[in-house]
Amino acid sequence: MSEATTTLDGWYCLHDLRSIDWAAWKTLSSDERGQAVSEFLNVVEKWNEVATAKKGSHAMYTVVGQKADIMLMILRPTMEELNEIETELNKTTLAEYMVPAYSYVSVVELSNYLPADEDPYQNPQILARLYPELPKANHICFYPMDKRRQGDDNWYMLPMEERKKMMYSHSKIGRQYAGKVRQVISGSVGFDDFEWGVTLFADDVLQFKKLIYEMRFDEVSARYGEFGTFFVGNILPDEKVEKFLHI
């Protein structure tokens, strides 16, 4: 049997994507819509306070295309907190005019290839990646993915050293985009329908296409990668939420 990779796990992660029922939203009076927006922003302010205390992080983006209208990415220390956040949001008036479009549950993950005598949880660089402050980049790209398990192309039957070698080659491509694309990898085996979630942040949206296309030619993606639905969007600052929902 092949050896399993040891992972380092950080904050739990929820991607919550929703569509707005614009027709129903229009039936509210201007005052009613204003109250609903204020209530929602009060919830977001609680998230901001958590982020300031460095006990979690979040990101809010509008989604381009018909798959959804808004994407929320929430990071918290426990799965229970993610559930509480989702429930609190569902109890708001605004949620009555939202339709669930997609969700993904995972945990921020790194593969542990450090020497056995080194404690990764004492390494500041690793801690910053396991418990990240999500960037306020202009754009986001999220997609889930699996490693293929078919016939001779079975990632999980490969020896550990071969997997390490291929992942090192794969990661070199990503490092070429340092400063252009920020990446958060989250593991979801046993949590959701795919094995990983990949979230990319960039100020130049074209960098998503360039990075993902270049990685397609690497063996890890070309031979072993299987991908789910892609979602891409634009940042939605708190101060622009009212304008986004204005009728």
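Even glycines carry a Cβ here, placed using N, Cα and C.
The Fe-coproporphyrin III binding site feature in Swiss-Prot is assigned to ARG129, TYR143, PRO144, MET145, ASP146, LYS147, HIS170, GLN183, SER221; the stated evidence is sequence analysis. The feature active site is assigned by Swiss-Prot to TYR143, with sequence analysis given as support.
When secondary structure is read from DSSP and collapsed to three states, the residue listed as 'active site' falls in the strand class. Within 10 Å of the C-beta of ASP146 (Fe-coproporphyrin III binding site) there are 17 other C-beta atoms, taking all protein chains into account. In the three-state DSSP scheme, SER221 (Fe-coproporphyrin III binding site) falls into the helix class. Counting every protein chain shown, the Cβ of ARG129 (Fe-coproporphyrin III binding site) has 17 other Cβ atoms within 10 Å. Among ARG129, TYR143, PRO144, MET145, ASP146, LYS147, HIS170, GLN183, SER221, the residues given in the record as binding Fe-coproporphyrin III, the maximal Cα to Cα distance rounds to 23 Å. Taking a C-beta cut-off of under 8 angstroms and a sequence separation of 6 or more, SER221 (Fe-coproporphyrin III binding site) has the following same-chain neighbours: HIS170, MET215. For the pair the residue listed as 'active site' and ARG129 (Fe-coproporphyrin III binding site), the C-alpha distance works out to 19 angstrom.
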